[in-house]
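These features come from TrEMBL:
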type    : residues                                   : note
BINDING : Asn36, Leu38, Gly63, Glu85, Asp111, Asn141 : S-adenosyl-L-methionine binding site
DOMAIN  : 43-234                                     : domain 'Ribosomal RNA adenine methylase transferase N-terminal'
REGION  : 331-351                                    : region 'Disordered'
Amino acid sequence: MAAPGRVAAFRLPPLPTIGEIIKLFRLKAQRQLSQNFLLDLRLTDKIVKQAGELKNAHVCEVGPGPGGITRSILSAGVEQLLLIEKDARFIPGLQMLSEAAPGKVRIVHGDILTYKMEKAFPKHLKKDWEDEPPDIHIIGNLPFSVSTPLIIKWLENVSKKNGPFSYGRTQMTLTFQKEVGERLTANPGGNQRSRLSIMAQHLCSVENCFIIPGQAFVPKPEVDVAVVHFTPLVQPKIQQPFELVEKLVRSVFQFRRKYCFRGLETLFPESGRLKRTEQLMMTANVDPTLRPFQLSMSQFRNLCNTYRKMCDEDPSLFRFDYREELKQKKKTRNLLESTSQPEQTEEEDQL
């Protein structure tokens, strides 16, 4: 019996092991969906621990699969657990867990990339952005195929304070391929410094918590797995619209091993390209001979702020698409070649 004034810890009743659940429902990881099961509950407990204090919290688990992490989340004493699972094969096993924790689990059969997270949690949990993070957490062992597009989508949500971040600075604890985890946390000058590093770190405090060896998963992936924790910052390090930051950062890293000057050139139309690129770099006080991965966050901030001023002066700049320009040039060249070909043929006929 629990001591007076103390709430008894929640305990799941005896259940089949995750391995038995997989056998019972004949679940098989699908390689085309990059599915990998984590059967060791000590590791799932360790992942959940990285999320912080979950007692009486509201949690959304992304892609619970056979329910290993789900059990660890429930054992942490959460108030409510929302499970979003795209693969219908896992639903019966998750319903078994739901029945073992009456009133605590809600299962949604759907795609996290399209699910409307604005309505996922009770309104009373909302907090102002400047306050401490709300008692809401997102946790997930993400399939490799969806992890990068999903985190980019959520970073955009952080920037716009919508989706799961309409409740405040919702924290996330997610798994990625080890290399992606290293990119997310890479410092300037590091080999893994990339577009993902800038987009994540300018909006969030990002911590690479620990590495799970590949052999811990079934089937064993070819890479190890990183557990990464995100806490949105009160103030982003670059205070410009997400689309503008993303466009500039993507352009810079387009030619990763060349001078950053080369990537920044692609922000401008061919007419006046050199002059405008020089203007951008001089105003932002950035050395044009630095490589993209050597640029600091403050240098990216200066570049974004300067580029924003240039776009305000000439709104057509932000709409400019370098790839589209290349396509048009190629199309024009092909057209010229095709129209000149009959003349050559006619000339040959006359000869």
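In case you wondered, yes, glycine gets a Cβ from its N, Cα and C as well.
All TrEMBL annotations are machine predictions without curation.
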Stretch-averaged pLDDT - the domain 'Ribosomal RNA adenine methylase transferase N-terminal' (43-234): 95
Packing count at Gly63 (S-adenosyl-L-methionine binding site) (other Cβ atoms within 10 Å of its Cβ): 23
Under 8 Å by Cβ from Asp111 (S-adenosyl-L-methionine binding site), same chain, sequence gap 6 or more: Lys86
Neighbour tally for Asn36 (S-adenosyl-L-methionine binding site), based on other Cβ positions within 10 Å of its Cβ: 21
Residue among the binding-site residues Leu38, Asn141 whose Cβ has the most other Cβ atoms within 10 Å: Asn141
For Glu85 (S-adenosyl-L-methionine binding site), nearby residues of its own chain (Cβ under 8 Å, 6 or more apart in sequence): Gly63, Pro64, Gly65, Ile91, Leu94, Ile107, Val108, His109, Gly110
